[in-house]
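Peer 1: Please see the structure below; I have some questions.
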Amino acid sequence: MTSGTTAPVLRVENLVRTFGGVKAVNGVSFEVMPGELKALIGPNGAGKSTCFNMLMGQLKPTAGKVFLKGEEITGKPPRAVWRRGVGRTFQITGTYQSMTVAENVQMALMSHHKRLFSILPHAYKVYREEAIELLDVVGMADQADRACAILAYGDLKRLELAIALSNNPHLLLMDEPTAGMAPKERINLMQLTADIVRDRGVSVLFTEHDMDVVFAHSHHIMVLNRGELIADGNVEEVRNNPKVQEVYLGGGTLYKQEPADA
Amino acid sequence: MGLLVAQLLTGLANAAALFLVASGLSLIFGVTRIVNFAHGSFYMLGAYFGVSLMDHLTGGFGFWTSIVLAGLIVGLIGVVVEILVLRPIYRAPELFQLVATFGVILVIQDLTLMIWGAEDQMGPRAPGLKSVVRIMGEPVPQYDLALIAITPFILFALWWLISRTRVGILVRAATQDREMVGALGVNQSWLFTGVFFLGSTLAGLGGAIQLPKGGADLLMDLNIISAVFVVVVIGGMGSILGAFVASVLISVLNVFGVAYIPQSTLVLMYVVMAVVLLVRPYGLFGREEKAGEHGQVGEPDRPIRPAGTLGKSLVALLIAVLALVPLYGGNFTQVLITDILIFCLFAASLQFMLSVGGLVSFGHAAYFGGGAYAAALLVTYADTPMELAFLFAPLAAGLLAIVFGWFCIRLSGVYFAMLTLAFSQLVWSLVFQWYDVTGGDDGLVNIWPAAWLSGTTAYYYFTLIVGIGGIILLRHITHAPFGYALRATRDSARQAEATGINVKLVQWTAFATAGAMAGLAGGLFVFSKGSVFPNELEISKSFDALIVVFLGGVKTLSGGVVGAAFMESVKDWLTRLEYWRLILGLLIIFVVIIAPEGIVGTLRKAAERVGLRRTEEFMR
């Protein structure tokens, strides 16, 4: 799927994050290639969200490096990472409740075009067409003028996706994009994401608990357990990986079985 | 050397009352997350009850019994306040709680006036501790030594209560996670009430125990509250030990200040606070306040749109009517409307940062008074022409807001509010104490407008243009991309940061803008009155603005202007009544509990209900 000649969009080298004595993420390295839809899975507490927060700059890594298109972005604040072309959606949506659907996207567009400190025009008219176009991509154009506060949760998730696309990102980071959604909505949202990856050439890295969603749409899957990457490969490789089976099916314990000779 | 020791001992003795009051406030905040502005009132009540009880209970036993009884009575009053005023609004945004406790201050002030009268009460001296002890040749009052001896016991008792008893475990648990304590089956209501009782009792004890040193008067409540805030902010909200250390620090500092640099005692306190917060934003022993995921509590604000044709026509009509006022209205009407317009602009500037930006400032008077003083100082010392001095008012206030804003913006929520308050007190104390330059209490006078604006009518039109222009400008900015960016930071700071918005920079800019506009109002004010006094910088001035924004409606755009116009119109009539504070206080409490949407919000809802106004398209 990915050729060896193209450069990765995202390269992570030996990422470590400790909380007190706990190593939440312990030496994780991976790459995300252009146009790739890659899943990061793992049991609760495996370090997925910690990992995500370090990629986007919400959390500073204890050690390790993050490169976006070859440029190091380790420890840069979220807004700087966003300016370099990384969009993000959150596990719990954080849209602007007091604005309409279209205004939420317009806000991101105003930020992208560096118009935040402009005091001349009426903001509700600024970049309205572009916002409607983006809303059309996620199928929300017909709700453009509704207040965000009265949207259904699934619609909020789609709105968040439109916002994340507003800076023409190279990479989308989606933290549990389908959490809290009905099964049918989940399938629709992931199909939508897959379409966006195909049509726009965006790379997507996402975490997810729903294995149906993961195995149906991802090109590659990474499995994180207790802060360490135990698998990174295509769907078949990961499905057949004995360590992964151990973590997800085996033994009823998530802890590594330390053999006597270790 | 002897003098130094004596001064140190005086400072330690003064720390006793301060510590009692501050630890009570800290305790209440830790558990209920309410900053009780009325805490100073409990302190005042403790002093008054103490005086009355000591009249009847004589002798050493009577004296100490009176102190304890005064504390307990105040504790019970605290319980009444908690049950009647605060219980209904625990789930409301913190601003509502702060405003409600301010209503309580006004009510208690007038009730105290009713019961004890306006005269200051002398505190009796402690029986058996009336003389002085010579320490290294210097006289030290025996009572001071008693206070120094008592304070560690109170600290120890509180420490023991908090860390060694079951109640203390519950209190500490609630300080960390109220919801979890509730989920584990603890009756939260009574835990809160109990803590309120304890905290109020401590304040009452503080008031009573300082009687031999200070007596009781009606200004005690606001006088101590700013010192207590400084102590709590320096020590760290919710930390008893912090309250102790900071009380000692501030009291000792004050005593040495009085002795060596008497011109700057008040200022010194705030400078120390600023330095501590620079190094440790949450105080010496405080823990970082983890704000909720999303700042807004309760129903989110509605989407906004610039006024339509109807709205614009109505505003145009109103301006036309105001422009015609000099034709039929006399001097009195013009002066009244001038005052109203100035206050409206001041309130609008606060509403901009408070409602649009979610930045609850408790010290907005610093920029209003700051602007007024800046212009007045230029006129007084540099004979600056009025036009230039007037322009300097918003400029100076804006600069002041840039400096203070840099500190304040680093904090959020209650900490932000406290710091803005402390900074405004810094400005006030500077103006109040720097007599040679600012005239202190005598103010600056003879600050009149230029000849072409000197008539009442001319200045009326000037205010009309500048005041309404300022209000419209603020409103336009609200609808512009910058206003939207500001609302974005309020709605979800996390989302804003993740989409390239520099949240702190946007907030800082808004802070400076609001400050400059308040300064503009201050400039209008000083030339309309011809003078300016330190009370334009006082806490109560900041509260005036907060209250009108609140009365008008926090979650609206025009609430500040409407509330200010309403309040300034009725103030003249209201203040003629003997107990107007009582009425105003009850009105505030009433609005907080019954009609939290304010005048504009309530009218809007009512109009929608009866069908006069359609629910906006985006709410369907």
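Positions of Cβ are set from backbone N, Cα and C atoms, glycine also.
Pulled from TrEMBL, these are the listed features:
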- B:25-49: transmembrane segment (TRANSMEM)
- B:95-116: transmembrane segment (TRANSMEM)
- B:190-212: transmembrane segment (TRANSMEM)
- B:224-253: transmembrane segment (TRANSMEM)
- B:259-279: transmembrane segment (TRANSMEM)
- B:310-329: transmembrane segment (TRANSMEM)
- B:335-353: transmembrane segment (TRANSMEM)
- B:388-407: transmembrane segment (TRANSMEM)
- B:414-435: transmembrane segment (TRANSMEM)
- B:458-484: transmembrane segment (TRANSMEM)
- B:505-527: transmembrane segment (TRANSMEM)
- B:547-567: transmembrane segment (TRANSMEM)
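Context for these features, please: burial, neighbours, distances.
Peer 2: With a threshold of 8 Å between CB atoms, the same-chain residues lying at least 6 positions outside the transmembrane segment (B:25-49) that come near it are 17, 69-71, 73-74, 77-78, 81, 86, 90, 94, 97-98, 101-102, 104-105, 108-109, 112, 115-116, 121, 123, 158, 171, 174-175, 178, 191-192, 195-196, 198-200, 202-208, 210-211, 214-216, 218, 220-225, 228, 232, 235, 237-240, 242-243, 414, 417-418.
Same-chain neighbours of the transmembrane segment (B:95-116): 34-38, 40-41, 44-45, 48, 52, 81, 85-86, 89, 216, 218, 221-222, 354, 360, 362, 417, 543, 546-547, 550, 554, 579-582, 584-589, 592-593, 596, counting only residues six or more beyond its ends whose CB sits under 8 Å from a CB of the stretch.
Through the fold, the transmembrane segment (B:190-212) approaches residues 16-21, 23-25, 27-28, 31-32, 36, 39-40, 42-51, 54, 66-68, 70-79, 81-83, 86-87, 90, 123-126, 129, 143, 147, 150, 167, 170-171, 174, 181, 220 of its own chain, all at least 6 residues removed from its boundaries and within a Cβ separation under 8 Å.
Below 8 angstroms of C-beta separation, residues 337, 457, 460-461, 464, 468 of the same chain, each at least six residues beyond the ends of the transmembrane segment (B:310-329), sit close to that stretch.
Counting residues 6+ beyond its ends, the transmembrane segment (B:335-353) has Cβ neighbours under 8 Å at 322, 325, 329, 359, 361, 364, 367-368, 456, 459-460, 463-464, 466-468, 470-471, 474-475, 477-478, 510-511, 513-515, 517-518, 520-522, 524-525, 528, 544-546, 548-549, 552, 557, 559-561, 563-565, 567-569, 572 in the same chain.
Packing against the transmembrane segment (B:388-407) from elsewhere in the chain are residues 274, 277-278, 366-368, 370-372, 374-376, 378-379, 419-420, 423, 427, 449, 507-508, 511-520, 522-523, 526-527: each is 6 or more residues past its ends and has a CB under 8 Å from a CB in it.
Remote same-chain partners of the transmembrane segment (B:505-527), defined as residues 6 or more beyond its termini with a Cβ less than 8 Å from a stretch Cβ, comprise 338, 341-343, 345-346, 348-350, 352-353, 356-357, 359, 361, 364, 366-376, 386, 389-398, 400-402, 404-406, 408-409, 447-449, 453, 459, 462-463, 466-467, 470, 473-474, 477, 482, 485-486, 488-489, 496, 536.
Away from its own ends, the transmembrane segment (B:547-567) comes close to residues 93, 95-96, 99, 102, 299, 301-302, 304, 340, 343-344, 346-348, 350-351, 354-356, 471, 475, 478, 588, 591-592, 597-602, 604 of its chain (Cβ-Cβ under 8 Å, at least six residues beyond either end).
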Peer 1: So which residues does the transmembrane segment (B:414-435) touch in its own chain, when a touch means Cβ under 8 Å and the partner is 6 or more beyond its ends?
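Peer 2: Here the qualifying positions are 29, 33, 35, 94, 98, 226, 229-230, 232-233, 237, 263-267, 269-271, 273-274, 277, 281-282, 289, 359-366, 369-370, 373, 400, 404, 407-408, 441-442, 534, 537-539, 542.
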Peer 1: Using Cβ atoms and a strict cutoff of less than 8 Å, what residues sit near the transmembrane segment (B:224-253) while being 6 or more residues removed from its termini?
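Peer 2: For the transmembrane segment (B:224-253), the list is 7-8, 11-15, 17-19, 21-23, 25-27, 29-30, 37, 39-40, 43-44, 151, 155, 158-159, 162, 175, 268-270, 272-273, 276-277, 280, 282-287, 289, 414-415, 418-419, 421-422, 425, 539.
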